[in-house]
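These notes concern the structure reproduced below.
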Amino acid sequence: MQSLVEAIKREGRVLPGGFLKVDGLVNHQLHPALTREMGETFARHFAPLAPTKVLTIEVSGIAPAIMTAAELGVPMVYARKKKPLTMSEQVYTAQSVSRTKGGTVDLFVSSEYLGPQDRVVVIDDFLASGGTLRSLSQIIADSGATLLGLGCVIEKEFEGGRQHLADLNVPIHTLANIVRMSEEEGIVVQAGR
């Protein structure tokens, strides 16, 4: 998605520790027109698979996921990082490692909103090592639903997440691909795949 690539070139920064700072685009501040285009692009890619649900994780995945779900005309469900008191007792859970939070995170999805009848596309903000997407795919498997594909706004190609998820045998679609990055060189980004 060329508009996203250009926005990353303009606004993205590399922080110490190998973190990509794009919070002015996808993690903290959002540009509605850009986010809408993300949803339209994902929807065009995944619509032929006939999904019935879009799944993501709170918080940063919600915006592109809801735009995708709106374009597809299906509900969007997000995995919670804490189980609220109001959530039903029957939940699907998985653990995920969060580099930005510095530890593991428990994920919860109510069985009320995900089950064997569902055909699911996962939309998230980043594909790095693939750990979060692996956790969401486990929740889908535990629910009996069918995983149709994975979509991520930004892929950090050099972290190998796509290869780590190859055994899921589903299409992986990204909108922007970080080929490499460093504090010295900056960000080398191209259209996703």
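Using the three backbone atoms N, Cα and C, a Cβ is placed for every residue, glycine included.
Per Swiss-Prot, xanthine binding site is recorded for Leu20, Asn27, Lys156, and the stated evidence type is sequence analysis. Annotation comment: Swiss-Prot describes Ala128, Ser129, Gly130, Gly131, Thr132 as 5-phospho-alpha-D-ribose 1-diphosphate binding site.
All features noted in Swiss-Prot, drawn onto the structure.
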| residue | record | CB count, 10 Å |
| --- | --- | --- |
| Leu20 | xanthine binding site | 19 |
| Asn27 | xanthine binding site | 17 |
| Ala128 | 5-phospho-alpha-D-ribose 1-diphosphate binding site | 21 |
| Ser129 | 5-phospho-alpha-D-ribose 1-diphosphate binding site | 16 |
| Gly130 | 5-phospho-alpha-D-ribose 1-diphosphate binding site | 21 |
| Gly131 | 5-phospho-alpha-D-ribose 1-diphosphate binding site | 17 |
| Thr132 | 5-phospho-alpha-D-ribose 1-diphosphate binding site | 27 |
| Lys156 | xanthine binding site | 21 |
Could you check which of these binding-site residues, Ala128, Gly131, Thr132, sit within 10 Å of Lys156 (xanthine binding site), going Cα to Cα?
Ala128
For the xanthine binding residues given in the record (Leu20, Asn27, Lys156), what is the largest pairwise C-alpha separation in angstrom?
16
Could you state the whole-number distance in Å separating the C-alpha atoms of Asn27 (xanthine binding site) and Ala128 (5-phospho-alpha-D-ribose 1-diphosphate binding site)?
15
Residues within 8 Å of the Leu20, Asn27, Lys156 Cβ centre (excluding the xanthine site residues themselves):
Gly12, Phe19, Lys21, Val22, Val26, Asp125, Phe126, Ala128, Ile154, Ile178
What whole-number Å value do you get for the CA-CA distance of Leu20 (xanthine binding site) and Thr132 (5-phospho-alpha-D-ribose 1-diphosphate binding site)?
17
Cβ within 8 Å of the 5-phospho-alpha-D-ribose 1-diphosphate site centroid (Ala128, Ser129, Gly130, Gly131, Thr132 excluded): which residues?
Ser96, Val97, Phe126, Leu127, Leu133, Arg134, Glu159, Gly161, His164
What three-state secondary structure does DSSP assign to Lys156 (xanthine binding site)?
strand
